[in-house]
Amino acid sequence: MASEFELIARYFTPAAPGPDAGVPLGVGDDCALLAPRPGRRLAVSVDTSVANVHFPADAPAEAIGYRALAVSLSDLAAMGAEPRWCLMALALEKDDEAWLAGFAGGFHALCQSSGTALVGGDVTRGELAVGVTVMGEVPAGEELTRRSARAGDVLAVTGALGGGAGGLALWQRGERDLSHPLLTRYLKPTPRLAAGLALRDLAHAAIDISDGLLADLEHILAASGVGARLEPEALPLAAGLSEALGESAAYRAALCGGDDYELLVSLPGSVLKEAQRRLAGQGLALTPIGTVCVEAGVSGVELGGAHGWQHFRGGKP
Ligand SMILES: [Mg+2]
C-alpha cells in the first residue's frame, strides 16, 4: 500500500486555493491556516459515513466520495451558512488506485461546485469509512437554528421527500442504474446550500432532513418548545416513489425515511410566498406541510411506532 503521504499527495492535494478562498496555508503542513471573513461566525460540523451502515460498500467510488461531503454540507445548508473549507479522513482496506481516483473525483467535484476548499486530509488503513468536517461562514446573528420556531409558523420542506429511502430500497432490490432519480437521491443527494442562504432572513428555524421528516421535526419542536400539526396529504413525494414502493410505503418513506437531505423550515405565513419565489428561482419547490402550534407533540399523522431513520436501521444495506 502506498504511504499515507503518497496517497494524499496523489489524490487529495487540490490545486492551490485562490486568493479569495481564505486559506493562507493549505494541505501540506501540520495544520492548515484559515482566515474567516470579519463579522462572520464559523459554522462547523462533522459526519462520519461507514460502509454498509450509511452507504453500500459496493456503491460507485465516485458516489461515495460525493455523498460523504454532501451529507456534511447539508448541515451547513440548514444553518444558512456558506461553505468555505473541509477536512476529510478516509479509512480504507486496500490501496485500489481506480477506486481512489473515483472517490477523489466525486469528492473534488462537489468541493468545486459548492465552493468548499479541502484544507486537510488523512488516509489510514481500516474498514471503509469517511469522516468529513465542514466549515462555513454565516454573518453573526443571521444563522438559522432549531430553536426559534414559533406557534403560528408554517412548516415547509424543500424539494421532495422519501427519495433517500426509496433509492435505498431500489438498491437493495438490485437496481444499479445511477441515473434512476431515486438512486440519485440516495447516493448523490444535493445539499440545499443555496436554499439555506435564500431563506436565512425569512425562516425562524431550520433543520436538514437526514433522519426522516418526523424525527427531524421533533428536533425543531423540542428545541423550540412548541408542537406541530402536519397535513400528510400535502407531503411532496419524490418522483417515482409511489410507483417503486406502493402508496402507503411511499408515505412512510416520506415521513420516516432517512437520507433525504432536504430542508425543513419554520417561517411566518406572511413570507411563505416570497420564500417560494426565491426557491423557484433555483428550480426548487418549497411546500407547506403543516403549522407550528403551542400544544406539544405532533398531530395529524399516525405515528404507529415508526420513528425516523432508526426505524429503517435494520434495513440498511
Ligand atoms: Mg443536520
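Every residue gets a Cβ built from N, Cα and C, even glycine.
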Listed in TrEMBL for the Mg(2+) 4 site shared with Asp30, Ser45, one of Asp75, Asp95, Asp96: Asp75
In sequence order, those binding-site residues of Asp75, Asp122, Asp208 whose CB lies under 6 Å from ligand 1: Asp75, Asp208
Candidates Asp30, Asp75, Asp122, Asp211, Asp259 (binding-site residues) - the one closest to Arg146 (ATP binding site) by CA: Asp75
Entry from the binding-site residues list Asp75, Asp259 having the most other CB atoms no farther than 10 A: Asp259
Listed binding-site residues Asp30, Ser45, Asp47, Asp75, Gly121, filtered to Cα within 10 Å of Asp259 (substrate binding site): none
Protein Cβ atoms within 10 Å of Ser45 (Mg(2+) 4 binding site), excluding its own: 18
Within 10 angstroms of Ser210 (ATP binding site), Cα basis - binding-site residues out of Asp30, Ser45, Asp75, Asp122: Asp75
